[in-house]
Amino acid sequence: MAGVKPVRVVIVGGGTSGWMTAAALARLLPGRVSIHLIESEAIGVIGVGEATLPHIRGFVEKLGIREADFMAWTRGTFKLGIEFRDWGKIGDSYVHPFGTFGRGKGEVDFHHYWTRLRLAGTDVPPLEQFSYGCMLARANRFDLPLDDPDHLASTYGYAYQFDALLFAPYLRTIAEGLGAQRTEGKVVEVLRDAERGTISAVRLDDGALIEGDLFIDCSGFRSLLLGEALEEPFEDWNHWLPADRAVAMPCRTATAVTPYTSAIAMPAGWRWRIPLQHRTGNGYVYASAFTSDDDAARALTHAVEGAPLADPRVLRFRAGRRRRSWVKNCVAIGLASGFLEPLESTSIYLVQQAITALIELFPETADAPVERDEFNRLIDLEYDRIRDFLILHYHATTRTDTDFWNYVRTMTIPDSLSEKIELFRRAGRVVKYREGVFLDASWIAVYVGQGILPEGYDPRADAPDSGALIQGMQALHREITATVERVPEHLRYIDRYCAMAAAA
Amino acid sequence: MSLTRLLVVGGGITGWSTAAAIKRRVPKLAVTILPLAPPPDALADRIATTLPSVLGFHADLGIGLDDAVVRTGSLYRLGTRFEGWVEGALDYVHAYARHGEGIGGAAFQHLWARAALSGDAPPFDSLSPAAAMARAGRFVLPGGDGPLADYGFGLTLDIPRYTAMLMAFARHVGVEGHLGQLAGVEHDAQGGIAGLVLDDGTRLAADLYCDCTGPNARLHGTLGVGREDWKRWLPGDRLVLEAAPIADPLPMERVVATENGWRWIGPTQQGALYSAAHGTVPGEPIPIAAGASLEPWRHNVVAIGDAAVAIEPLEWSNLHLAHSAIDRLITMLPAGAPHPLEAAEYNRQALAEARRVRDFVLLHYATARRDTPFWHDVAGADLPDSLAHTLRLFRERGRLPFYEEETFDRDSWLAVLFGQAVLPRRIDPLADSVPPAEAMRAIAQRHAAIAQAVQPLPTLAAFRAAQSRHLHERA
């Protein structure tokens, strides 16, 4: 807009958060911002966030990126959900789908009818067999969903699994193309306005001084601006989420390129398996109070399916978040604002939500208390809901095989979560939100998948007579099975749609 | 123990709606109603004006327009015209419709606000097809693919005929009626209700009791549940209500700000709401004590309608809140004995909803500008945090915060805010992507398309007469 002086945005830290922020601000607020991103080749990128949630598609679209190009570049695959193995007890397996159970319409949720038959002693197949998205995943098949609400293909969504180390450079190209400036360097000093306490500039290791109006802290766990300079306290959630390390090791793909991420429970945590086009990402997230780095690395090396492509690499973190993400003229995005383990692939999601909120609440000046309060309110909502959902996975278990599982099984959990669990156990109720990342089907999948089965159901599910109900369920089951068989295999679909360049 | 017997107490619209809806949607329950005559202050039973949600409630029961509207002599309504709330400003119509579509990443409200700040936007409500129809006194049901494709509308009920329809429907689906007067309430050891004693000595007992007896809450009120008082924000504490049918009515009401409150003229009723501390108004006053029960569901008793939330009828939320409580109860009906956790979740949602309705009603006062002691007092009151945050964010940059359990959608908030001349201090940067001239063209096109679409439509009376004729011809 003519006459408006652009806000000088300084982003400290590249990586996924930094470049996602830079690209989105440059694309969506042209003329309003000048963007200066500082990163150092000497500081490593975490880049373990390879699995995403369906929301990422909205981000890619807003940036004006063609999905197939983006997937080819990042060697991406499709993701229909997450498979959880050995969580409720050893030997269990369930899929948390990005979709519904049943057809997802009707007044009463499908799982109430399923519960009614189960409690009546009817021999009814597992709940996930009534989710088209789950069954596509199990069959290693993929196709894009359809809009037609009468078709089963309207009952699921999808996300991507991609190489995060390729994602950031891809976004960098876009951001720089839109005018973002990049400076190589390390921040050695943060300068503050003596009166207001806001950040006025950062000094780099070569002595350069970079001034700005708004500072975005994408410095990762270090939280260089928000945590170190502004001393915003860290709210520690370690007692609920005791995993504080991960050992990562990519390997060659030796088995199927699944259209889902796997999260396999381990003696002191869990292991991820994320198949990409060119390799499979692996890592073991563990609690250092319950196992050593060496044992964890050994366990991971032993568990992976293909030949390792690198040595195991250990990362340290702590579950929790900064009390506020936006303080004065500093907004932390990504790990600098908080950390929740990647069990439900929420890292990139949280980055994206913070960016969306920042753009919608973009301030005019360094001092913007109205925007700041609303931003912090929105981010709080996201963190609290995800936190409870993650804790549920650990707590809902009957495992007694290690000290770690004994701890999480018996630990005190937040009241907000124990109430949710009890509501589901009594009559299959899921606490309703109008907005939020994990809606009804996600909670149902995890509850049922980890052995929290409803002892009652919605009285309205008694309406159909039981013969008609059983027939309806059987018909749906047959339709899902038959429809899945007509869908292409995942890898074949990728070859056609978004294969990576052969030379890559 | 399983839930098998449900007793509804209260014989107004709220009681009959509760009994009919629960029996219809959970047929295995034995539903009995004790239809006590509704008291004068049970506004959900007394106010004829309803919001669009009334039609959704009917649809869930399988009651169509023929039965709900034509056979009961109800009228359609598209919104409310507010007059004199901001001295020197134009009146405005709050209708239940969208005012425009965003362009690219820019929401429509920001584009209109930018045009308004530069002084060349048509009134916001002229961009709402339903508001334009309401002003012109015309009505059709939404349809087609033009500007009249989609909008909400409510009903102005003929209360006796509408109640009779509900009674017939309730009996048809199997609700049992029990005549008598309430003489006493017996409690159980847990503090819930064990049974009701009637004046003829009969005793009625159930597993769950629905209290639809109005603000006095003759069942729920015996449990000692706390209540939050909203009087410091909503000082209007007297209501005058009269039946006054108009021959050729508009599909909307007029709500006119007065020296110590407001008065309204609707198609079948008129009345006034005022603060007794700030003067008086002719007519028999009904006392109103604005506030909400902190636990509308306790033990085996659920308060529904005015028994749970008492609020002045501005924006006509009374029956809506009752319907919403009924729907919530149906989705949370316990499989076995009522459990405190289910009640707690129900109460959390109910209270959040009631507070946001309160915020929306209060919004009218908080942004009004009139020069009498009453209006100074309401404008000077400290606002609840949620409304203060809403207004702060809107005044700063025209954005509305998201809250769970919101009854009035974004367009409703905008209709009142823009209607009462509240404009943001600055325009959202996302509006930059649309040049002002392009936005103005879109606004002017919409304005013209709506005016053109409304002009040939029938009047409300003509539309209703044609509907009745069709029904008779078919019969």
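Quick reminder: no glycine exception, Cβ is built from N, Cα and C everywhere.
Because TrEMBL annotations are produced automatically, they should be read as predictions rather than curated entries.
Per TrEMBL, the feature 7-chloro-L-tryptophan binding site maps to A:LYS79. In three-state terms derived from DSSP, A:LYS79 (7-chloro-L-tryptophan binding site) belongs to an extended strand segment. Counting every protein chain shown, the Cβ of A:LYS79 (7-chloro-L-tryptophan binding site) has 29 other Cβ atoms within 10 Å.
Sequence annotations record features per position, and here TrEMBL assigns active site to A:LYS79.
The FAD binding site annotation in TrEMBL covers A:VAL187, A:LEU335, A:ILE348. The Cβ of A:VAL187 (FAD binding site) has 22 neighbouring Cβ atoms from other residues within 10 Å, across all protein chains displayed. Under the DSSP three-state reduction, A:VAL187 (FAD binding site) is assigned to strand.
What TrEMBL lists as L-tryptophan binding site is A:GLU344. Residue environment of A:GLU344 (L-tryptophan binding site) contains 24 other Cβ atoms, counted within 10 Å of its Cβ in all protein chains. In the three-state DSSP assignment, the secondary structure recorded for A:GLU344 (L-tryptophan binding site) is helix.
Checking each of the binding-site residues A:LYS79, A:VAL187, A:LEU335 against A:GLU344 (L-tryptophan binding site) by C-alpha distance, the shortest gap belongs to A:LYS79. Closest in space to A:LYS79 (7-chloro-L-tryptophan binding site), of the binding-site residues given as A:VAL187, A:LEU335, A:ILE348, is A:ILE348, taking the CA atom of each residue.
Within 10 Å of the Cβ of A:LEU335 (FAD binding site) there are 25 other Cβ atoms, across all protein chains. Note on A:ILE348 (FAD binding site): other Cβ atoms within 10 Å of its Cβ, all shown chains, come to 26.
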